[in-house]
Amino acid sequence: MTAPNSTPASSRKRVRRRRQDKPALSAKLVLDAHVKGDVGVIATDLFADLFPHLWANGDSQDTVHVAIAPWAPSQTPEANNWSIVPVIRSSTVAPSTVQFSPSSLALQSFATHLQQAAPSKLSGHNKGGIEILILDVSPIELDTVFVNLDGELAKRLEDGEGTFFREHPVNGKGKARADATPEEHLTAALRTALGTLKIVHSGDFFPLPLPPHPVTHQPPNPGRITLCEPVAQGILAPTTKIIVSRVRTSKTKRSSASGQQQGRKLNGVAEDDEDAYFSAAEEDRDSKTNAQTAETDADDTEFEPQAGEDEDNLSDDSLDEIISLQVPTLPTTVTGQSTIGTGTPTMLRGRKTNGPGSVISSYTATTARPDRPRGRLFKAHGLMKPIPPDLLHPKPTPEDDEEACIYVDMRDLTRVGCFSGDWIRVEAASEPPSNGLGAFGLGSFVEQEADEINWRPARVFGLPEGYSSRSATRSHHSRHDSRNSSFFEAQSQKSNPPAYTSPILLANLDNPPYLRLSPIKRPSSSIIKGVAAQSKTSSTLKPPFAREVILQHVRTPTAVERDVQSAVMAGLKHYFERRLRVLRTGDLIAVPIDTQLGKALQESTIPGEDSAIDEVLGLIAATRPGQSLHYDDVAWFRVGHVQAMKQDTTEAVDGEEAEDLWGGIACVDISLTHLEQSGSVTGRIPGTISNSWQYYLGIRKLPKHQQNPGLPAQLQTLEPEKQYVSSLRRKLRELMAAATSKPALHLNLPPLAILLVSTQRHIGKAATAMQACSDIGLHTFAIDAYDIVNDGGGGGGSDVKTAGFLTSRAERAMSCGPESCVLLVRHIEALTADRMVSSIKEILADARVLIATTTEVEKVPDGIRALFTHELEMSAPDEQEREGILSSILADRGIGLDHGVDLSGIALKTAALVAGDLVDVVDRALVAQRSRLEKLTAKATGSITFRDVQLAGGPAASGLTKQDFELAVDAARKNFADSIGAPKIPNVTWDDVGGLGNVKDAITETIQLPLERPELFAKGMKKRSGILFYGPPGTGKTLLAKAIATEYSLNFFSVKGPELLNMYIGESEANVRRVFQRARDARPCVVFFDELDSVAPKRGNQGDSGGVMDRIVSQLLAELDGMSGGEGGGGGVFVIGATNRPDLLDPALLRPGRFDKMLYLGVSDTHDKQVTIMEALTRKFTLHPTVSLRSVAERLPFTYTGADFYALCSDAMLKAVTRQATLVDTKIRELNAAAGPEGKQISTAYFFDHYATKEDISVMVTEQDFLDAHRELVPSVSAGELEHYEQVRAMFEGAKDKDKKKEGAGGDGNGVDGLESGNRNGMLAITMGDDGAGAESTKKDGKGKGKAADNEVNGAGEGKGKEGVSPFQESGGDEDEGLYD
């Protein structure tokens, strides 16, 4: 809505606020050619109801905006697709009417929604109007509009060919300058063209300001709006960005594309764009072809009885199944058992082409049956939500039972042989054979007993428009439309038409995969009366009323609680009061209840006032259904006995025929029927794996794609998409199904006891067990062991009380049936008393399935643990499991997603998070979405409300976006790091690490490759998951480890040596195990051992009394061996060690499979590398333009480590800050001196608020600051220490280069040159040593002079070397071969 720009100054009336909870109004949309332009006309009464705050202004003709949607029973903004259109009020319009021009561009979006919801309303001009829902709305200014434009037309607009004609303005608005650039020409033309749309909708077409073709006068192809941000529809603002995407249109499509804009009108022409729609009239012409598609085999085919023919003359042989083989020509005699030829005279039963012995038909097993199944075969589908009766025709009465109805497509009613609203026979059927034998399958000639057929009468209705699925592709038309085009097409498996019904009705029919629908069998007296009797029997007659009905309560864990009995009785009373229920003996009745409200009312009322509670609950359910009551459970009842009244009909000859006609069902009228509840029974309920009763009864929310009414053929009718099922849930389901099966009960097999173990909490053990029970229809009675221990109390005899409480609750669970109820004990580690072993044994003696969960399995007593037959471990979910869990959470809550959201990417970012953490991620994403929408409403101009954003629609407004999930994942990962004790990693990236190019490449090969390409390691190749950084202190070993964790989005564990030590025997090794277990739970992650030489020194050299360090090293070796395989839970865990004394490490740590990747981190040996490090450290500094880092680096020695460079840059920045502060203080003193002693003295804060310039605020580091810091800096590592580290490096790397052939360089040289040439790939290492000898000789002292030999260590160059290499280095020397070449 656009409020008036001017308000009279004299008007001091208080502005009325718009209601956000206003329900939508029903109105009619009339297309009137007399209405000109794109703005509609709204009736005065609608204007007064929608805009009461503007109604008081009098005769205001300002344009306002309303949101319209095709009429639907649900009037909430979230459940409909709304289109915002501009209107003005008029007193000449009929009440409750909105008029638009048939060619209005504003109705393009509404036409799309109407086509999906009710296509027939687009097929012709509806003079009575189109029923719509209408709401007031304020449009939002759009930030970005994405436009698709033909490339040639865009080029013409860039050339300035745009002319403004017809609906385009003729003034100069929007025209570009004469000297404008091509981009300005295009921008001006598009902004003018989009200006013709009063409201911009996603998917709208708009005319371009180009002249038509000079010869054909055909207008150019219109532009198309592909996307609007931040909402799907709004107004174009001057600040709106227009992004053009140029597409190429083929010549064959240009003619049709030019008429797309005119096709998207509501004047009787359906839109004809790339999403082609075919109306019912087109499909009627292909009804025979569509009938072929729906056939499965000859068993499922039946023709309608013709005039003068009895229904016994019907045959399953159909003309639709005739095979057309034209070439080569076959004899006219068709294969089959019949010997009657083409010259056979007319048979006794009349001229037929589909009977036995026909010249066209084959002799089949179906025709050989004495009493073949009658009716049409349909695929059974349970409804996700009841179909509103207002959409059905004929409209059912309010008392009709919706659970006794079946819905099929309108075109399938004729094949059943009935009309919409007739009573039919519904028979449970099995799946038809899929092999080539067809009706000749095994057992096809065996006659089935009539008593074995599970059937019942039900009313059939045609699916409302928009619900039925219709093919969107044209069928191939051949010359012989009634014949199959080939033999192989006739033999192919074809789908049956769907039939939708209540999942409760399907459960009472034993959940059959198929239903056979046929007209209800007429009594013998009705056959004489003919068609009139058939019509009367099918539609007019009703089942007999019940005289007495006995109900038995199905015991479930929730329904047996005393606190919810009042809610159960109130729900049962309401169930029979609002409908005439159709029941028969053995039926299940599902009564949804609100247990929370029932318990609250039970606690707040006086004992004995149960009748008042029933009345309150019944009144709430009757007056505000679905708004105040939030159903969270279902009470189940079974019909024990139904006694029907004698039916006074003329059709029935005797009682047996009447009973056979209705199959034992009866209508329950609470005013006539004696309803009695007698006792209770135990048994299973329908399993959710094959029944959708949880969605149908409102216990679970519908998935978002099911709640979208813009989806034809799938609007609350189809079953939900297949959700992710974990392997553990599937295994639990199989074990419980086997333990509770009839053979297991008959053979009295031992009970099933399962212990679910995990190392993390909130991983979903109990939820997985409950879901597995619900899948197969078992009840779950959950017990928390800590609650039992608390109820037992302290003091003497607490164990006896605890055991008593456990036994009593187990007995209550067994009252629901041992074969149909599972006892779930959570946190079983709390039951540590010895008496619990005997108590659990007693429970297992009566129960069939016992499931216990624990996160601390070592605390479970051995006696209790030995009672379990299965022990299953639930580990942290991997990437695919996390994606499945996320999709399940979103589906259960009915949350939609933006098109840009990729759940697999979110699953990758949520590594190490379990199910409970993923629920928290979704909750945080919802909070982020709410905050984003609130910011959008606050940012928008005018009176924009939160409901306006919802009405504007779009995936970003109605669902979660990628930004919402990013905020949620970041917050969840921070909380997860706190929960597992992982340190917070600073935001260290590769940019913060200067140089070390070869080290980065080696790290990428070790870590990134297994993460991004796991298929390379799928054939048994072991991953190299251990990296050892060694070198002088301050060279960036810890910084590099943090950068690895940040760059690859890994969790980071930092382990110090003293953290692992413990005074108790065995605890130090246990600490090592816990570290790696936490790493496996948090994978992918990095375990960083800083100062590894203190954690794992050489074994046998320590003087500790108990050999603690030796045991720690042994445990560390055992854990490292499990990391490289990846199959045993170690995949995704990378171990990084850092030390400056690798010679002190235990040699076993450096063998293959452990720390086999050794990377030396040294100092910079060239000024170029020093400049690279300084650039990384000063990338956030503001350097003076005259600063040259190279000139600074040339004055620095080669002994500076990374830490020294960090200190150098930090000191330089500090000196710059000090210098700038001194200058500011000098200016303040000068100002105070100029003001004099009597003037106002200014402070530092006042100076920065009023006098400071940009130069005073900015701090720029000069080259002199670096030089001053260099003079004061003392290197952290001396030249002698660097020489020692270089010797250590040569000792470790010498074995790797020993067998390589190098071209040595002769001559003498100093140690610096030799080390520089011996360094590999720019490794940051240099030794400022004395002039030394040349290449390594074979002497023991390692010194000598001469040319480098092929087998020498240091390769080309001269320097000091060392001959002795320990055996362990030679064994693992080839692992890093070629790394430093």
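Each residue's number is its place along the chain shown, starting with 1.
Each residue, glycine too, has its Cβ placed from N, Cα and C.
Under the heading compositional bias 'Polar residues', Swiss-Prot lists 1-10 (among others).
What Swiss-Prot records for 1-23 (among others) is region 'Disordered'.
Residues or ranges marked as compositional bias 'Basic residues' by Swiss-Prot: 11-20.
Among the features that Swiss-Prot reports, region 'Disordered' is placed at 247-315 (among others).
The annotation compositional bias 'Acidic residues' is assigned in Swiss-Prot to 270-284 (among others).
Per Swiss-Prot, compositional bias 'Acidic residues' is recorded for 296-315 (among others).
The compositional bias 'Polar residues' annotation in Swiss-Prot covers 333-345 (among others).
Per Swiss-Prot, the feature region 'Disordered' maps to 333-374 (among others).
What Swiss-Prot records for 355-367 (among others) is compositional bias 'Polar residues'.
Annotation comment: Swiss-Prot describes 467-499 (among others) as region 'Disordered'.
The annotation compositional bias 'Polar residues' is assigned in Swiss-Prot to 487-499 (among others).
Within 10 Å of the C-beta atom of Gly1031 (ATP binding site) sit 28 other C-beta atoms, taking all shown protein chains into account. In the three-state DSSP assignment, the secondary structure recorded for Gly1031 (ATP binding site) is coil. According to Swiss-Prot, the feature ATP binding site maps to Gly1031, Pro1032, Pro1033, Gly1034, Thr1035, Gly1036, Lys1037, Thr1038.
The compositional bias 'Basic and acidic residues' feature in Swiss-Prot is assigned to 1294-1305 (among others).
Taken from Swiss-Prot, the feature region 'Disordered' applies to 1294-1381 (among others).
The feature compositional bias 'Basic and acidic residues' is assigned by Swiss-Prot to 1337-1350 (among others).
Annotation source Swiss-Prot lists compositional bias 'Acidic residues' at 1372-1381 (among others).
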Check: Using a Cβ-Cβ cut-off under 8 angstroms and a sequence gap of six or more, which residues of the chain neighbour Lys1037 (ATP binding site)?
Finding: Phe1029, Tyr1030, Gly1031, Ala1138, Leu1161
Next item on the list: Would you please pick out, from the binding-site residues Pro1032, Pro1033, Gly1034, Gly1036, the one with the fewest other Cβ atoms within 10 Å of its Cβ?
Entry: Pro1033
Margin query: An 8 Å radius from the center of the Gly1031, Pro1032, Pro1033, Gly1034, Thr1035, Gly1036, Lys1037, Thr1038 Cβ atoms defines the neighbourhood of the ATP site; name the other residues of that chain inside it, in order.
Written below: Phe1029, Ala1138, Asn1140, Leu1161, Thr1201, Gly1202, Ala1203
Note to self: Is it possible to get the count of other C-beta atoms within 10 angstroms of the C-beta of Thr1038 (ATP binding site)?
What the structure shows: 18
Next item on the list: Run through the Cβ atoms and count how many others sit within 10 Å of the one on Thr1035 (ATP binding site).
Entry: 27
Next item on the list: Can you see whether DSSP assigns Thr1038 (ATP binding site) to helix, strand or coil?
Entry: helix
